[in-house]
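Q: Not my notes, these are from TrEMBL:
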BINDING   His74, His76, His231, Asp305  Fe(3+) binding site
BINDING   His74, His76, His231, Asp305  Zn(2+) binding site
BINDING   Arg83, Tyr141, His168, Gln234, Ser310  4-imidazolone-5-propanoate binding site
BINDING   Tyr141, Asn307, Gly309  N-formimidoyl-L-glutamate binding site
DOMAIN    252-370  domain 'Amidohydrolase-related'
Amino acid sequence: MTIATPTTAITDIATLVTNDPSLGEGPLGLIRDAAVVIDGDRIAWVGGSSKAPATDNRVDAGGRAAIPGFVDSHSHLVFAGDRTEEFNARMSGRPYSAGGIRTTVAATRAASNNVLHANVGRYVAEARRQGTTTVEIKSGYGLTSHDEARALTIAAAHTDEVTFLGAHIVAPEFADDPAGYVDLVTGPMLDACAPHARWIDVFCEQGAFDGDQARTILTAGKERGLIPRVHANQLSYGPGVRLAVELGAASADHCTHLTDADIDALAQGETVATLLPGAEFSTRSTYPDARRLLDAGATVALSPDCNPGSSFTSSMPFCVALAVREMGMTPDEAVWAATAGGARALRRTDVGRVSPGARADLALLDAPSHVHLAYRPGVPLVSAVWHEGTLV
Ligand code: NIG
Ligand code: FE
């Protein structure tokens, strides 16, 4: 005997972003006066509100807009403590550098599993309240085999999208022996971590890892079945973006300092350019030029990059507003990048869209259209969130 799951219709949606051009208008597949039917944890039906089929439950959206739940493809949530003093100093003129990561490494190593679990849970819940229903989580504040594997295990309790970032910076114990640290990351640390992760990431930057080291680490990860993603060209021009494309990375993240050759590589390749404007906001830096990337034909994703150093925000609506105001994106492009773009960056087809068969992840906005996410910055517009078919 099969037990039918209860179905729910959300009706009277003023504007629905489906991200499925076959269902509606333009690249966002917009449907006006729409309804969505959820069956268990999946979207079962999408169409005009007056045509919605009979269901067990009904929710009247009252003329509000609905979008796919945000897909956050880049976060560093397994950490303890914060870096308020560093932020204060930066706002008094001190520049951001990779060195501050060491402060969080010390605090994270000293924290219990319970504290780290509670922290991740708190930040995931905070993001969820702002409409995020998929989140990637990286390690990178352990930097020993034990502490990195511990971070990945904790991340895996909160998401399927777990990234091994043992190559965040050279661990303090290896300050005089960076080659020894690369050997550790590609040897015993990878052995301990590969079973717990889907992705491998490297911070390819001055003060972190150069192009050759990054290539060695990402290649070792690929040999263990991990898929690369790269922190690339954040603080300076460098080899990160081209390496990401060459190795078939799912995404090159930050993309702040790009040459024409970097742009061409992203436009020609499969690698998504993931832009993280919270980092430029919180470090008073120049924003990446999304317009240049989009006009060249690159695929762009957006993420808050939530971490205690460069960007302590979990808010995708904030990033959508920054992307529109500061990076030359239209509201439609920014909303696509925060939903379908994130799904592309995680190579997921079941999230980032509201169409039949997709996971039932939706956010309802206290506004008549998704454009208000950029038009009304700082206003908590997300008024209801469904995750895997459940109202949370
Ligand atoms: O994505 N760039 C490297 N990692 C983080 C910052 C980490 C930190 O400062 O703690 C980022 O910006
Ligand atoms: Fe990051």
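Including glycine, each Cβ sits where the backbone N, Cα and C put it.
In TrEMBL, annotation is done automatically, which means it is predicted and not curated.
Values in this document were obtained by computation on a predicted structure and should not be read as measured data.
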Q: Beyond the listed site residues His74, His76, His231, Asp305, identify every same-chain residue whose Cβ lies within 8 Å of the center of their Cβ atoms for the Zn(2+) site.
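A: In sequence order, the nearby non-listed residues are Ser75, Lys138, Asp201, Asp253, His254, Leu276, Ala279, Ser303, Cys306, Asn307, Ser311.
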Q: Could you pull the average pLDDT for the domain 'Amidohydrolase-related' (252-370)?
A: 98
Q: Using Cβ atoms only, which residues of the same chain lie under 8 Å from Asn307 (N-formimidoyl-L-glutamate binding site) while being at least 6 residues apart in sequence?
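A: Counting only residues 6 or more apart in sequence, the Cβ neighbours of Asn307 (N-formimidoyl-L-glutamate binding site) under 8 Å are Ser75, His76, Leu77, Phe79, Thr104.
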Q: Between the Cα atoms of Ser310 (4-imidazolone-5-propanoate binding site) and His74 (Fe(3+) binding site), what distance do you get, rounded to the nearest Å?
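A: His74 (Fe(3+) binding site) has its Cα 13 Å from the Cα of Ser310 (4-imidazolone-5-propanoate binding site).
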Q: Of these binding-site residues, His74, His76, Arg83, His168, His231, which scores lowest on Cβ atoms within 10 Å?
A: Arg83
Q: Among Arg83, Tyr141, Gln234, Asp305, Gly309, Ser310, the binding-site residues in the record, which have a C-beta under 6 A from ligand 2?
A: Asp305
Q: Between the binding-site residues His74, Arg83, His231, which lies closest to Gly309 (N-formimidoyl-L-glutamate binding site), Cα to Cα?
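A: The smallest Cα gap between Gly309 (N-formimidoyl-L-glutamate binding site) and any of the binding-site residues is with Arg83.
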Q: Indicate whether His74 (Fe(3+) binding site) is helix, strand or coil by DSSP.
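A: Assignment for His74 (Fe(3+) binding site) reads coil.
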Q: Taking just the CA atoms, what is the gap between His74 (Fe(3+) binding site) and His168 (4-imidazolone-5-propanoate binding site) in Å?
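A: So the alpha carbons of His74 (Fe(3+) binding site) and His168 (4-imidazolone-5-propanoate binding site) sit roughly 14 Å from each other.
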Q: Whole-number answer please: how many Å between the C-alpha atoms of His168 (4-imidazolone-5-propanoate binding site) and His231 (Fe(3+) binding site)?
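A: Cα of His168 (4-imidazolone-5-propanoate binding site) to Cα of His231 (Fe(3+) binding site) measures 9 Å after rounding.
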Q: Checking the binding-site residues His74, Arg83, Gly309: which ones have Cβ within under 6 Å of ligand 1?
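A: So the answer is Gly309.
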Q: May I have the list of same-chain residues other than Tyr141, Asn307, Gly309 whose Cβ is within 8 Å of the Cβ centroid of the recorded N-formimidoyl-L-glutamate site, in sequence order?
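A: Along the chain, the qualifying residues are His76, Phe79, Arg83, Gly100, Ile101, Thr104, Gly140, His168, Pro308, Ser310.
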Q: How big is the Cα-to-Cα gap, in Å, between Gln234 (4-imidazolone-5-propanoate binding site) and Asp305 (Fe(3+) binding site)?
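A: Just about 12 Å between their Cα atoms.
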